[in-house]
Amino acid sequence: MWLKLFFLLLYFLVLFVLARFFEAIVWYETGIFATQLVDPVALSFKKLKTILECRGLGYSGLPEKKDVRELVEKSGDLMEGELYSALKEEEASESVSSTNFSGEMHFYELVEDTKDGIWLVQVIANDRSPLVGKIHWEKMVKKVSRFGIRTGTFNCSSDPRYCRRRGWVRSTLIMSVPQTSTSKGKVMLKEYSGRKIEVEHIFKWITAHAASRIKTIYNVEHLKEEWNKSDQYWVKIYLFANLDQPPAFFSALSIKFTGRVEFIFVNVENWNNKSYMTDIGIYNMPSYILRTPEGIYRYGNHTGEFISLQAMDSFLRSLQPEVNDLFVLSLVLVNLMAWMDLFITQGATIKRFVVLISTLGTYNSLLIISWLPVLGFLQLPYLDSFYDYSLRLLRYSNTTTLASWVRADWMFYTSHPALFLSTYLGHGLLIDYFEKKRRRSNNDEVNANNLEWLSSLWDWYTSYLFHPIASFQNFPVDSDWDEDPDLFLERLAFPDLWLHPLIPTDYIKNLPMWRFKCLGVQSEEEMSESSQDTENDSDSDNMDTFSSSKDIFEDKQSVVHSSPGRTSHCDTEACSCANKCESSPCERKRRSYGSHNTDEDMEPDWLTWPAGTLHCTECVVCLENFENGCLLMGLPCGHVFHQNCIVMWLAGGRHCCPVCRWPSYKKKQPYAQQQPLSNDVPS
């Protein structure tokens with residue numbers, strides 16, 4: 001998780017540097033910055049109208065370019081970044097969707113139950129044509145949608161009873177606006193009563209109703225009273241301008257931030273004495289002033305602070321966020337971090353997506369579970385001071401120059417989603433390259449075959465589904481599945497796969513360990529002479545003995561090789577069992593489990609073996625004989641192996657005996673010990 005968080009922070013740093021790089025390129029090619037002011041005199045009439053469209057100011061009665069330019073200057077300073085965004089938005093030919101209401105409940109759910117937005121609904125009466133034609137309605141939808149106003153069409157033929165109850169007997173336009181200045185207050189419906197069915201007149205009607213909710217100040221005395229008043233609003237934003245009404249984007253934001261930020265419009269059109277504004281620090285007109293308990297902040301002096309809906313919305317959200325804003329932000333960050341697993345995970349393609357889906361589900365579940373106590377914590381009545389200090393910290397941090405850069409980059413990348421996704425993909429491919437290079441340098445095995453990985457995944461699932469998770473030393477002896485079938489059924493009903501994903505290997509250090517010793521060890525020459533004499537003298541006498549030993553050895557090999565899901569031997573070069581020996585080998589002629597005997601001086605010292613172990617002279621993992629001084633290890637089932645061989649076997653995830661498949665961490669009833677008798681072998 002920390003690795004993914006580091007890569008995500010690194011990605012954000014790359015985005016920040018990339019944005020500065022783009023700014024440098026634009027400055028090198030054009031010699032201008034995004035924060036550089038634009039002189040409206042140098043703009044064409046079309047560009048001036050585009051700026052007014054984005055700010056939400058009507059210009060239908062202004063035929064001259066001079067009047068349009070003055071209206072742009074009265075609404076606020078124009079920056080290069082705002083001009084670029086406005087022209088790009090005007091060139092975009094994307095169609096905006098409009099809702100078609102199916103009936104009363106649909107209308108109530110979206111319009112009347114929505115407390116923090118404006119709706120414009122065209123009602124089409126039965127057997128009547130719509131009030132606004134299709135072409136004009138599409139223009140209307142595109143014009144109002146840039147200010148966050150949602151649109152829809154209600155055809156009375158789908159629910160005539162509701163239309164009669166509402167009194168909609170003719171086609172009309174309905175506008176829904178929050179009635180009170182409190183958050184989630186009541187909604188009032190207003191019907192358009194104008195005679196001119198034109199886009200500009202309808203838009204002026206909408207903006208007039210939206211502006212009526214904003215507190216307007218017309219004289220100095222009212223301004224003094226409002227400026228010195230302290231009420232429930234900690235954050236207030238003032239617009240000092242020489243306009244008849246505030247721009248539409250300002251009115252739309254006042255509805256969106258109802259209950260969080262108070263919007264105040266100061267109309268200085270007929271003011272003769274403006275000395276008081278100088279006293280409170282207002283020197284330029286127009287001015288957007290943010291007043292908080294910490295002081296006054298002049299909006300528009302930093303990077304990305306344009307006179308537009310998107311820029312001011314991003315600015316106010318960072319200062320006075322809702323809990324939903326924080327949740328959405330955390331959701332985006334967590335999912336971006338989870339998607340890093342697609343590039344960090346190495347191996348098969350299916351493996352990458354399986355790990356990705358698992359990570360997405362885990363991270364999102366943990367996020368939702370973590371937010372539940374946070375929501376309950378915020379509703380406690382004794383945390384008002386904590387809430388106030390948190391908002392104050394946000395206001396301090398988000399009014400800095402660095403925060404303005406971050407907001408500007410956020411608007412830039414959200415308006416160019418293809419660039420955002422391509423940089424994320426490139427960053428992920430770089431992570432994948434370096435991670436693959438690191439694993440190759442560490443000689444880590446990477447399984448790139450989908451079928452092999454699926455097979456190993458199935459083996460992993462079945463292994464942990466049926467094997468109990470218990471330590472070797474603490475697991476009771478009498479809890480055997482063979483003796484208690486109910487435990488096996490309970491195991492199937494409640495698997496420990498998602499509760500305990502790994503079997504602990506601490507039990508390995510508790511397994512019995514000792515060295516293989518012979519009662520008498522001869523030199524190599526004597527051993528070879530003795531073996532030759534023994535071979536020549538006992539060809540006829542011990543033929544039955546050797547044949548029976550061969551049969552037992554073949555039976556043992558068939559058992560070992562027929563065990564599913566494991567490797568029955570290891571390479572001679574890789575097995576270091578022979579290097580652990582201290583002296584010459586103790587040759588054996590019979591290699592079966594049980595009691596064995598040859599000459600008395602060649603007999604293994606069985607007394608040094610722990611109780612409950614099966615006597616044998618060969619390791620079935622590497623298929624080599626035990627040699628004098630070799631380190632041995634026994635399993636709970638009683639079978640004995642080279643210590644190095646069985647540790648490698650268990651560390652590879654195969655927690656069972658290579659011979660009988662008994663779990664290596666589970667105790668077993670000891671076998672009846674078979675003591676070797678020297679007089680059992682015929683002479």
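FYI, residue positions are counted from 1 along the chain as it appears here.
Placed from the backbone N, Cα and C atoms, the Cβ positions cover glycine too.
Lifted from Swiss-Prot, the feature list:
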TRANSMEM  6-26  transmembrane segment
TRANSMEM  326-346  transmembrane segment
TRANSMEM  366-386  transmembrane segment
TRANSMEM  411-431  transmembrane segment
COMPBIAS  525-542  compositional bias 'Acidic residues'
REGION    525-548  region 'Disordered'
ZN_FING   619-661  zinc finger
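Most Cβ pairs under 8 Å to the transmembrane segment (6-26), among the stretches 326-346, 366-386, 411-431, belong to 411-431. Beyond the transmembrane segment (411-431), the same-chain residues lying 6 or more positions past its ends with a Cβ under 8 Å from any Cβ of the stretch are 7, 10-11, 14-15, 18-19, 85, 88, 304, 310-311, 314, 336, 339-340, 342-344. The predicted model assigns the zinc finger (619-661) a mean pLDDT of 88. Assigned with DSSP, the residues of the zinc finger (619-661) fall into helix, strand and coil as follows: 9 helix, 11 strand, 23 coil.
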